[in-house]
Each structure stands twice: as structure tokens, then as C-alpha cells.
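K.L.:
Here you go, one structure.
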């Protein structure tokens, strides 16, 4: 059965819509989304770099998250805009694997960073007197380096395993970018090893980091409830709720898309909508969530303006 398939170095993307009249409106909408994503995240980075009040470990991590979101969206949106404009939806295998490598790098790095930010909130709220001793700058840089290194290693292994697969020209990729589950579906080779590694990584960086991210909040919430100052409780709830909202949105959409990578094409439309949300809208929502619920960021923006 595998021998009858034609091997190809070019992959066809299914795109977002088969209706030609929708291509231009979609192009304009997602161009606006991309510009808003870059503007929001870049504004957060600039505020943190220029305002001395925001040069703390918490905002150092937030600035890193904004940088990851800019890279995360830049991996998929410019290529999608190009395909919407040309209406070709064709990508070379090399470009496809490189896109998947970058996307995996930013996704795994962001998952690891969200866990680091959870630990930072735990130290700040539950051990405030020792915060500067524990979360000094060398520790922050080390934690960021571990998050980025994790993303690099996982994406390298995934890409090296994908290089061992052959891909069929007769099977279009049921997505608007080179996502991992859809690459497995169009493979002419047996992706058993790839699926096994995906399951391992999904357990480690999905369930594992989710547990690491949420476990400190059991202690954090207990500490917040015992606080006597209403202002301190309000500030702690504000920062924690922003982080938890970002975590919930990211994990919910990712789990929906990756929970069953071997699912058949009957769910391709649902997966396309889900991948559209976490690849495009999540990087846009993150700066909005943090800026709207963070009084210090709003105050810094007013000072700059």
C-alpha cells in the first residue's frame, strides 16, 4: 500500500477556505490581527525595558513571554498571509519542516515559561521576605535558559524524526500551516516512532508542566485567603488571575488539537478552528489580558504617554 504512493518534496495546504471571495477579507482580518499582536507584545517589552519600576523578575518573565508570542505568531501568520494573497497554499518540504521546528520551539518554550512564572508567583506571594534572595537575576536568566533549551531540544528531536518520514503528494495537509498531527496524516511512512515520542513529550510537557504550573496555586490561594490587607489580596488575585487565564487558554486549545494526533479527517474542520485559535489569537490575547488586569503596566503606559 505504501509503495503505490508518490513521494513528494512539496506539500499542499488545505488553507482556511475554499471560497475565493473570502481570501481577501481573511487576508485583511489576519493582517490586522498580526499587526495588533506585534504592537501589543512589543509595547509590553518597551515598557519593561524603559520603566525602572517594571524591571523586576516578574516583568522580566512577562517580557520574555511577549518575545515568545511575537516569534510564535511570526512563524505561522506571515506565511498564511502570503498563501491567502497568492491563493496557492503550496509549501516545500524543507520550508514545512523548518516552520514546524520553529513552531515547536516557541510552543515548548512558552509552556516551560508559564511554569516558571507560576513558581515566581509562588515565591513572591508565599515567601515575600526571601523573594529577592531566591529570584535574583542569575536565577531568572537560568530559568529562562532552561525553558528555551527545552524548546530547542524537543523541536530538534521532532524535526530529526520527521526527516525519516516520506510524504505523499496525493494527501493535502489539513491545516493552514505545518502542524505535527497533520504531518503524521500525510506521511507515506509508518510514523509509529514519531507518535511514540509525541506521546512522551505530550505527557512530560503537557501533563507534567501543567501540574508544575497549577500545584503552586494551591499554596498561593491559601496564602491569599489568609492575607489581612484587602489591597494586598486584590493585587495578588489580579496578577494570579492574569497568569491563570493565559495558562487556561493556551492549554485548552493545545490539548484540543493534540489530544488525539491520529484522529481521522472527520475532525479536520474542528482542528483547523482550534489551531487557528491557539496559533493566531493566543499571542494576541496574552498582552491584552496582562495589560488590562495589571495596574502597574497601565500606570507605566500613562507615564510614557
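Note that Cβ sites are derived from N, Cα and C of the backbone, with glycine treated the same way.
Feature list, courtesy of TrEMBL:
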type: TRANSMEM; residues: 26-47; note: transmembrane segment
type: DOMAIN; residues: 40-290; note: domain 'G-protein coupled receptors family 1 profile'
type: TRANSMEM; residues: 59-77; note: transmembrane segment
type: TRANSMEM; residues: 97-119; note: transmembrane segment
type: TRANSMEM; residues: 140-163; note: transmembrane segment
type: TRANSMEM; residues: 195-224; note: transmembrane segment
type: TRANSMEM; residues: 236-256; note: transmembrane segment
type: TRANSMEM; residues: 276-293; note: transmembrane segment
K.L.:
Run the contact check on the transmembrane segment (276-293) against the transmembrane segment (140-163): 3 or more C-beta pairs under 8 Å, excluding pairs closer than 6 in sequence.
P.N.:
no
K.L.:
Below 8 angstroms Cβ to Cβ, which residues of this chain, lying six or more residues outside the transmembrane segment (140-163), approach it?
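P.N.:
For the transmembrane segment (140-163), the nonlocal Cβ contacts are 57, 60-61, 64, 97, 100-102, 104-110, 112-113, 116, 119, 180, 183, 193-194, 197-198, 201, 205.
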K.L.:
Give the nonlocal contacts of the transmembrane segment (59-77) in its own chain as ranges (CB under 8 Å, at least six residues past its ends).
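P.N.:
Sequence-distant neighbours of the transmembrane segment (59-77): 30, 33-34, 37-38, 41-42, 44-45, 48-49, 99, 102-103, 106-107, 109-110, 113-114, 116-117, 120, 137, 140, 144, 176-177, 246, 279-280, 282-284, 286-287, 290, 296.
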